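Q: From TrEMBL, for reference:
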type	residues	note
REPEAT	6-39	repeat 'TPR'
DOMAIN	8-76	domain 'Serine/threonine-protein kinase BSK1-like TPR repeats'
REPEAT	74-107	repeat 'TPR'
Amino acid sequence: MAKELAAAAKALGNTAFQAKDFKEAITHFTEAIKHDPTDHVFFSNRSACYASLEQYEKALEDGKECVTLKPDWPKGYTRKGLAEFFLDRFEDSAETYKAGLKLSPEDAAMKEGLSK
């Protein structure tokens, strides 16, 4: 049941995100996390929302959680690296992107992040 509720909340969050209603999306992804705190995608999606609102500390927290939950998923490193970059943590950001590129050497977003 919890997984179904989490999936429904995620769907609402995705719709809000696509409409660029990031605050609304955060509400839904937070609800999804309450129902299933083990799903890395919910943290990734919420991290993207926070970054879109320039709330980079929160984006970084969710990026870190995403990488912790699923260390073999490249997108988590993209979320974490982006937040670190905008928090002026350039060395951390570079290390995060390098770790992600080990998993996905052709990832354009991570290559761009690292080059910045």
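Cβ from N, Cα, C; glycine included.
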Q: Using Cβ atoms and a strict cutoff of less than 8 Å, what residues sit near the repeat 'TPR' (74-107) while being 6 or more residues removed from its termini?
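A: Residues 40, 43-44, 47-48, 50-51, 54, 56-57, 59-60, 62-64, 66-67, 113-114, 116.
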Q: Please list, for the repeat 'TPR' (6-39), how many residues fall into helix, strand and coil according to DSSP.
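A: Per-class counts: 27 helix, 0 strand, 7 coil.
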Q: Per DSSP, how many helix, strand and coil residues does the repeat 'TPR' (74-107) have?
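A: Output for the repeat 'TPR' (74-107) reads 27 helix, 0 strand, 7 coil.
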